[in-house]
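Notes follow once the structure below has been shown.
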Amino acid sequence: MKKKDFVSITDCSKQDILHLIERSAYFERNLNQLLLKDKICATLFFEPSTRTRLSFETAINRLNGRIIGFSDVHTTSSSKGETLKDTIKIVSNYADVIIMRHYLEGAARYASKITDVPIVNAGDGANQHPSQTLLDIYSMYKTQGTLYNLTITIVGDLKYGRTVHSLLNGMSYFNPTFHFIAPEELKLPIIYKQFMDENSIQYFDHSDFLVDIINQSDILYMTRVQRERFNDLIEYEKVKNVYVLSNDMLADSKDNLRILHPLPRVGEITSDVDTNPKAYYFEQARNGIFARQAIICDVLGL
């Protein structure tokens, strides 16, 4: 059987995505399974993570799998100069699947080419975060009842935000309309605009976070400005609090509007939004368990 990886959402067809959404719903209805009994899952986090790592580990535990790995690269042989190739080769001897986050773009793709063990990308630099995309799409499906013809407004860091880049690819099959709100320093890279042009996806660029745009939206996708992507602290300080969503901005929004955020947040959503029924970011994070159960079982052919 040909090895299967989950490296980029661009590797997924429309049918692949719909199948994974269906499987996510199955795992939400049937949370505790024995599907990973006798399976060892390696979680290799070369970059800090809380939500993604714990979500994957919860997904594995719910499926009765066992976990090996690390969350602090400084405690591993990588800190002694071991190459990524050698780390992957060694861990492949121990595990049935490798879930990895790395600070280098393309690291997961590279890993997938040097091992026969399935690779699941838990984020590679500013490139892709496909498991987040699947849980985002599942959250949209759950809250909207459809994936088709949604108006999606994305706010904040569109340049470095790998969740944003993956989401554009994943939703491209479903005729979305996008509104992009970002300061000049964090605008969406041209390669993604070219992708949308090539796929006849309608999108609008904005610099101002206007209530009128919120009121048109089915999904409001907030993102944080990522301090770790900036070499210049002054540049970060200039843009970190440019856009802040407060509860009063939602007064005339559509009834079906839901607010998503890949988390963590650092001030771009005020705490008074948390009790608004349109806030969905905490439920969204929980959906990650089911989406990641679906991904792991899919690459293992279970």
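A Cβ is built for glycine as well, from the same backbone N, Cα and C atoms used for every other residue.
Annotated in Swiss-Prot:
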- Arg51, Thr52, Arg101, His129, Gln132, Leu263, Pro264: carbamoyl phosphate binding site (BINDING)
- Lys80, Arg162, Arg224: L-aspartate binding site (BINDING)
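Taking every protein chain shown into account, Thr52, Gln132 are the binding-site residues, and of these the Cβ with the most other Cβ atoms within 10 Å belongs to Gln132.
Neighbour counts of Cβ atoms within 10 Å were compared for the binding-site residues Arg51, Arg101, Arg224, and the top value is held by Arg101. Within 10 Å of Arg224 (L-aspartate binding site), judged by CA to CA distance, lie the following binding-site residues from the set Thr52, Gln132, Leu263, Pro264: Leu263, Pro264. Other than the site residues Arg51, Thr52, Arg101, His129, Gln132, Leu263, Pro264, same-chain residues with C-beta atoms no more than 8 angstroms from the centre of those residues' C-beta atoms, the carbamoyl phosphate site, are Ser49, Thr50, Ser55, Ala122, Gly123, Thr163, Pro262. Among the binding-site residues His129, Arg162, the residue whose Cβ has the fewest other Cβ atoms within 10 Å is Arg162.
Of all the Cβ atoms in the protein chains shown, 20 others lie within 10 Å of the Cβ of Leu263 (carbamoyl phosphate binding site). Secondary structure from DSSP puts Arg51 (carbamoyl phosphate binding site) in a helix.
Over all protein chains present, the Cβ of Pro264 (carbamoyl phosphate binding site) has 8 other Cβ atoms lying within 10 Å. In the three-state DSSP assignment, the secondary structure recorded for Arg224 (L-aspartate binding site) is coil. You'll find the Cα of Gln132 (carbamoyl phosphate binding site) roughly 9 Å from the Cα of Arg162 (L-aspartate binding site).
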